[in-house]
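Marked as active site, nucleophile by TrEMBL: S206. Among the features that TrEMBL reports, active site, charge relay system is placed at D375, H406. If you look up TrEMBL, you'll see 115-411 marked as domain 'AB hydrolase-1'. Among the features that TrEMBL reports, signal peptide is placed at 1-28.
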Amino acid sequence: MAINVSNQCNVQWLLLLVLLLTVSYGESRYSIPCTCRPIENPAALHTVPQLIRDQGYTVEVHNVTTRDGYILEMHRILPTNHKPKLQNPFLNSQSLEKESIGNLCHGKGGHVSFLMHGLLGSSSEFIMNSPDRALAYMMADAGWDVWMGNNRGNTYSRKHKNLDPDTDSKFWDFSWDTMGRYDLPAMLEYVRNHTGFSKIDFVGHSMGTRTFMAMMHYHPYIKSWINVMASLGPDVYINHMFEPAKTPLRLASIFEATITRTRGGEILESSLTADTCPVINSTIQFCKSNILQLVNSIRGAHIVEEFRPIIEAHNPAGSSIRSIAHYGQLLSSRGFTAYDYGRQRNLLEYGSVYAPELCLQRAQVPVALYWGEGDIISHPEDVKRLAAELPNVIVNHKVKYKEFGHLDFIWSKNATYIYYHLMRTFLNNACNNKLN
């Protein structure tokens, strides 16, 4: 994979800049100078439910409380007869001319899908495009009851029964394996109870795969809840990740204590929740815009320009520094392990001085892997290792576009190609009675 060296340096230093800016702003996350510029697209500051309504869909907001007190917000798009400007290519399939996908197989009338975002993301990942190109809208148009989760600490899940995210550092005492242990089980259980469907079609982008696999380690019984788990750009293993992208992860691991001390543990919060000014701060906007452009210039991220301001407003959506530092630990261990707190706390958390390996053999659900040659995060070699270790891979699909990258799975104007294959996988397994 040939990549321009100057672009490598630019990506590395811009990613470092974002991390170091976060550290250097110190004790107050509201101390950034308020130098603002007008927002080109007023919808940039709309929330996910507002953006969904803007497209003419029916949306619901649901909240669920985890066993350890975090209050998570989920967004639901009901199945619809909505007619997008450009017809959903899946609905135009010759074999499905008269009947929507979701109503073909289940007597209850459709499927339930659950979409889970990646690191520093939110439910916005799946609607950052027009209805004919965004996964959540395509699935709703095809008859799915679509639910989108939000992990603790992002724009929509900054609530707790007892802790204040702005003043209590304990709120940010979590990593992505904590999300797999508490967040995903709570959200999936709520969806099953609310819809009456016992099985769910699950889609995870990037870290959405990682948290799913952590969930299966801690709660293997949940296999009975899942029809198919589809992974877009799986990042369970990251040993072969694009080298400049590794540096911020290692730095996050080094600076975790500093960021926790100065900022309480939160990092890269969304423009929708930051109070620096009534519109997006121009400095941060500049950084985000340039990172997106550089990613685009290297591999993938073929973004529809009208959605760029909205993407920049919603991403990153915030998380704990520990979630990022945990990636840095994995680079050192070259494995798939729980967060390493150190010997003393490891004993309290795990009953061992070592952080345990998360067992992929417990993920005994049908898994579909979708990956691309141009992915600088989920390298083909790491996906190959994942596929070899999972017990039930039913699809291992290489995207045909060589330039298709990590962010293309959620933002690209060409993403409909992969979504077509993904939904076909769900449908085939259901209709052939392989899973029910």
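Note: Cβ is positioned from N, Cα and C throughout, glycine not excepted.
Sequence features annotated in TrEMBL and their locations in the structure.
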{"residue": "S206", "record": "active site, nucleophile", "Cβ neighbours (10 Å)": "27"}
{"residue": "D375", "record": "active site, charge relay system", "Cβ neighbours (10 Å)": "27"}
{"residue": "H406", "record": "active site, charge relay system", "Cβ neighbours (10 Å)": "27"}
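Taken together, the residues of the domain 'AB hydrolase-1' (115-411) have an average pLDDT of 86. Cα to Cα, D375 (active site, charge relay system) and S206 (active site, nucleophile) are separated by 11 Å.
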